[in-house]
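Here's the structure, in structure tokens; my notes come after.
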Amino acid sequence: MEEERLDPNLPMKELDLDADLQKKHQAMLDRLSNRHQARLDNSLARRSDSTNSTESTSSFLCRFSDCKKSIDSQFADARLIAQSDPSRLKSHFADISSSISDLEKLVAENSYFLPSYEVRSSLKTVSDLKQNLETLNSELIPKKKFSFRNKATTKKELPKEPEPVKSDPVSTTNFKIPDSPGFRNKTNETLVKNFKGTEIGEFTLSDLESCEVRLIGCCSVVFMNRLKDCKVYMGPVIGSILIEEVEECAFVLASHQIRIHLAKRTDFYLRVRSRPIIEDSNDVRFAPYCLDYEGIELDLEKAGLSEETGNWGNVDDFKWLRAVQSPNWCILPENERIGKVHIEDSVSRIEVFVLLISVILVKCAPELKIITLYGWITPYSIQLLWLQRWLMELAFGILSFFFYPSCECRAVCFKAIVLSFSEQFQGFVFLVPWIDQFHGFEAEAQCSMASKEETCFNFWSFFYTSQPFNGPMLKKSPSAGV
Amino acid sequence: MGLLSIIRKIKRKEKEMRILMVGLDNSGKTTIVLKINGEDTSVISPTLGFNIKTITYQKYTLNIWDVGGQRTIRSYWRNYFEQTDGLVWVVDSSDLRRLDDCKMELDNLLKEERLSGASLLILANKQDIKGALTPAEIAKVLNLEAMDKTRHWEIVGCSAYTGEGLLEGFDWLVQDIASRIYMLD
Ligand SMILES: Nc1nc2c(ncn2[C@@H]2O[C@H](COP(=O)(O)OP(=O)(O)OP(=O)(O)O)[C@@H](O)[C@H]2O)c(=O)[nH]1
Ligand SMILES: [Mg+2]
């Protein structure tokens, strides 16, 4: 540290010393200036957008501290004035107030290039100055008798969280907010949505647990809240993505703006046009976008996101006031990143394979409960997605049709197959009147249900319980049939 | 608006108006200001702190303060209340889930004494998005009819993307402020 204390002017006198010494001096000076630069860079490391930001930031800081000093001395003057000429106090306070607002303007004018820390600490300084002014004002020009009220308010220096005020019941009763498109309240599912060819505005994911979500194509806004242990893969979003209350998830997202609130232990693979921000979050890690599906290039281009901006790592933490790296987020180490993720919007081959295996197993070992069986052979990541579920139903329908000899049961199976078609493809409404022909069979089928056939019904009802469709034949209450 | 402040305004040399833009984060405040000013809106980061734009509008000079709306920095809003002539509350009409939050913050703001004289323009932004609530629906949710009768207010649907509705809103705001403050000329 000794060299730092040397006066840079000293070498001038020693010019005529031998060249060796001179060289040494030069080297030292270089080192010094390098070190100075490094220190500057360090403190400004967080924002490196513009090449000259270092320079303009430091010049801003100079101006800012000059102004602040002069305001501080104005404060000191105020006390003197209060003793010598109290009548001048008012105008003096007005002067201080205008100096403070000039200072505030200075911050505002420069805030677009300043590192976030500087903006926030300058803002804090400004608000402290205002507070001081108020305190001094009430102290030197006491207006009210109950001056302690003013003092009390000056104590709360830190901005406090807005208190949650119970919202007016009137407002919620006189208007029902409609639901927007989205996936809500799901556990252990693979949820797929393809936006291609549809005109989707906003899309919502909420209250999901242990799900995998794939959104293919472009949309304009995405809201996500309360997700736990989920994987979310998403095509480009033209507007913004808002994420709240997520835990132990992985997101692969591309968007113009990304705002993350209340996230814990979550990884984000991003491509963003502007700087992503986090608030009230911890243990979040960032990496570049890594999604692939057929046609993603076109979608990215359409959304103006075909180029990597490098912004995925320029995260602003609204909860971190310091210039040093926020402890709440970090860059995801390369060896821990997931590779390129390829998604498809239909059932992938492995899922069809799993489906086939399960069908075969069920056939060979019908006494096994289908639920256990399915949970057993299906890897966690590819839990039932609707198409898969439907294929499964269909396969069971067809299998049962051939395996159960009794005519009534076949009829029921057939009906189920038809119904499951018309369920999935709502366009097939013409099938519906046709289904009615089987109504006559239904009662009989339910009455003459032998234990073997019952197995068939068991898994039908299992599959249908969580489905909107709940065909009458599946309500297996014995009385219904009689 | 008290007599004193009216006099103060008249004494001003230019016809200046101070306009404060607030609203939840992501509602589109910065985009709106840039759009009005004819600037590029393709890359906007969430506002850390605030921006000031001075815009000449008709024969007035508007000082527009666009303050960041992230929760952490909402508590700084009160630093900007002083001398506000017009308050613009921006709502993201597609963000249905946070409408409660939005209502609560607006209610808190309107309790603020220093803002009691300000004209209030509510911009129901992002009308271009499919599924966005209409201005009438937003008015219902925010229960605007129940507002203090002395307040001058107006709600206008707009889109910062297409620019639709923005001028209509600001026209109303500027006229309303002008008729209250610069009525004497
Ligand atoms: N579709 C659509 N998107 C909009 C509109 N206005 C703004 N946006 C988008 O909404 C997002 C938020 O916009 P900003 O202007 O940054 O929001 P803000 O209110 O300034 O947010 P804070 O600075 O955090 O308070 C951006 O992704 C904009 O592109 C609009 O009219 N329509
Ligand atoms: Mg902004």
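Positions of Cβ are set from backbone N, Cα and C atoms, glycine also.
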Candidate sharing the GTP site with B:Gly23, B:Leu24, B:Asp25, B:Asn26, B:Ser27, B:Gly28, B:Lys29, B:Thr30, B:Asn125, B:Lys126, B:Gln127, B:Asp128 (per TrEMBL), from B:Gly69, B:Gly86, B:Gly163:
B:Gly69
Can you check which residue among the binding-site residues B:Ser27, B:Thr30, B:Thr47 has the largest number of Cβ atoms within 10 Å of its own?
B:Ser27
If you count, for each of the binding-site residues B:Asp25, B:Asp128, the other Cβ atoms lying within 10 Å of its Cβ, which residue has the minimum?
B:Asp128
Near ligand 2, which of the binding-site residues show up if the criterion is a Cβ under 6 Å from one of its atoms? Options: B:Gly23, B:Ser27, B:Lys29, B:Lys126.
B:Lys29
Taking 10 A as the limit, how many CB atoms besides its own sit near the CB of B:Gly69 (GTP binding site)?
24
Report, in sequence order, every one of the binding-site residues (B:Asp25, B:Ser27, B:Lys29, B:Thr30) having a CB within less than 8 angstroms of a CB belonging to chain A; if no such residue exists, report 'none'.
B:Asp25
Between all pairs in B:Gly23, B:Leu24, B:Asp25, B:Asn26, B:Ser27, B:Gly28, B:Lys29, B:Thr30, B:Gly69, B:Asn125, B:Lys126, B:Gln127, B:Asp128 (listed as GTP binders), what's the biggest Cα distance, rounded to the nearest Å?
22
Within 10 Å of the Cβ of B:Lys29 (GTP binding site), how many other Cβ atoms can be counted across all chains shown?
30
